[in-house]
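The structure appears below as structure tokens.
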Amino acid sequence: MNKRTTYCGLVTEEFLNEKVTLKGWVHNRRDLGGLIFVDLRDREGIVQIVFNPDFSEEALQVAETVRSEYVVEVEGVVTKRDAETINPKIKTGQVEVQVSNIEIINKSETPPFSINEENVNVDENIRLKYRYLDLRRQELAQTFKMRHQTTRSIRQYLDNNGFFDIETPVLTKSTPEGARDYLVPSRVHEGEFYALPQSPQLFKQLLMISGFDKYYQIVKCFRDEDLRADRQPEFTQVDIEMSFVDQEDIIAMGEDMLRKVVKDVKGIDVSGPFPRMTYAEAMDRFGSDKPDTRFGMELINVSQLGKEMNFKVFKDTVDNNGEIKAIVAKDAANKYTRKDMDALTEFVNIYGAKGLAWVKVVDDGLSGPIARFFEDVNVETLKQLTEAKPGDLVMFVADKPNVVAQSLGALRIKLAKELGLIDESKLNFLWVTDWPLLEYDEDAKRYVAAHHPFTSPKREDIEKLDTEPENVQANAYDIVLNGYELGGGSIRIHDGELQQKMFEVLGFTNEQAQEQFGFLLDAFKYGAPPHGGIALGLDRLVMLLTNRTNLRDTIAFPKTASATCLLTDAPGEVSDKQLQELSLRIRH
């Protein structure tokens, strides 16, 4: 075998008249009777190679036996394509390789699905079972090239700005951080378990106490939680922590890094500073703590109608301290039938809304199921509040504020997709700040941390921890991109007494706090610097930069929605001997 001189996808006009050695997979083969054309593929792309008896009769005979996905090595000379055969769709489309020698390195059975088609209409489970074949597709090859470019850009930025890449343990202690832990039984310590880290949160804080000042890690994290399209049980996080900083320092660093990544990976200049919005404003205007700002259709408070109208649903809602909000779908009145509106009503029911009221704005007023409840003065109020015009569709939810936000926020996204309102070329970054420190868990009847127990409250709110914990704001911030939470961070608690107080508010006894977090509380006794950080979801960032809609497309060997690996059949049963060594017994 000869040494490869270049990749297939890099053979351009600069190689004209040069002899090259290429290695790759047969992407496509066309026998034109006397001439055989093969598209040869590798990770960089495709180049057309030609088998011509005038060039090599022996090579032509071998080419007659090759089939799709055979692995071959070819030698030949790069020539200019005839004008009528130039392919402007690919980088190598101006040239072809006249083959003088071919060697079949390995044969292939017929794949279970086509690899040489751009849009593979095949069940995802089949693709995941044969993931090594799926990854040969150019679409996915490009995705993972961009993933590499993304991580390279991140490392370059952090290295150039004085950060140390430090690894933290994978086998650690189970602590209550939100989701369920993946547990690993210890053979040496019978009946005891390690946990796989949900994040390196505590270790990166300990590194700040150790004096390392600037830390980063591109790290695997594990969470045993219910899955959806943008979640995986194991995922990659860009984890960053800094000492002697405030929120502004971390936001500035995060923006600089993300602008560099977008420039390096997509060649796009993103202007800064990124817009900011408080948590309260995001929920009020968009019904979401991760608003997609690529389009309008904001939530509008129309609770005034509940006071003016003789419509029992609206009136009762306002009388019971609820609220009424509306969204306006411009020029959509004729695009949704009553049956469509029934389907939208069922959609908001998922989010706890009892119903979806709606009217269509027409030239002489309103039409629709609740139009009869609107008197002329109410119509004018509605138009003033919503700026609705004839042809618009106005939808209302009247309920508790959190139900209104969740249901209309989700409906807003659904309608925008259906109506084609989203400019997919945009990258809209947004910081969401001033989060509540705590949330009240109705089931547990206690407060839980909105982010995690180590987030510091705003200094001016510390005294409220005892009297009105629901009104304490956190030194926390999320970075949002196109309606997805890209990452989040906070300034951490660095005072042992305040951390102990936080545990008390969360319902921990002193003994429980010491048992679970004693090592952190002890570390605070030895001079902890002020510190804070941020963690970005790498898989999600790549998904958004590559315009994918499924997180699994950005992970080489992902799990399914039920947390299984169809390629390896993990998780799987283990032998009785292995269970005995771990002092475990399975109960069915």
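Here the Cβ of each residue, glycine as well, is placed from N, Cα and C on the backbone.
For GLU177, ARG223, HIS451, ARG492, the entry in Swiss-Prot reads L-aspartate binding site. The ATP binding site annotation in Swiss-Prot covers ARG223, ASP224, GLU225, GLN232, GLU485, GLY537, LEU538, ASP539, ARG540 and rests on sequence analysis. Annotation source Swiss-Prot lists region 'Aspartate' at 201-204, citing sequence analysis.
Residues listed for ATP, ARG223, ASP224, GLU225, GLN232, GLU485, GLY537, LEU538, ASP539, ARG540, cover a largest CA to CA span of 19 Å.
Following the DSSP three-state reduction, the secondary structure of ARG223 (L-aspartate binding site) is coil. Comparing ARG540 (ATP binding site) with ARG223 (L-aspartate binding site), their Cα atoms are 15 Å apart once rounded. Between the alpha carbons (Cα) of ARG223 (L-aspartate binding site) and LEU538 (ATP binding site) lies a span of roughly 15 Å. Within the same chain, residues at least 6 positions away in sequence whose Cβ sits under 8 Å from that of HIS451 (L-aspartate binding site) are TRP435, ALA474, ALA476, GLY488, SER490.
For GLU485 (ATP binding site) paired with ARG492 (L-aspartate binding site), the C-alpha to C-alpha distance reads 20 Å. The distance from the Cα of LEU538 (ATP binding site) to the Cα of ARG492 (L-aspartate binding site) comes to 22 Å. Neighbour counts of Cβ atoms within 10 Å were compared across the binding-site residues GLU225, GLU485; the minimum falls on GLU225. Cβ environment of ARG492 (L-aspartate binding site): GLN205, PHE454, THR455, SER456, HIS531, GLY532, GLY533 lie under 8 Å away, each six or more residues apart in the same chain.
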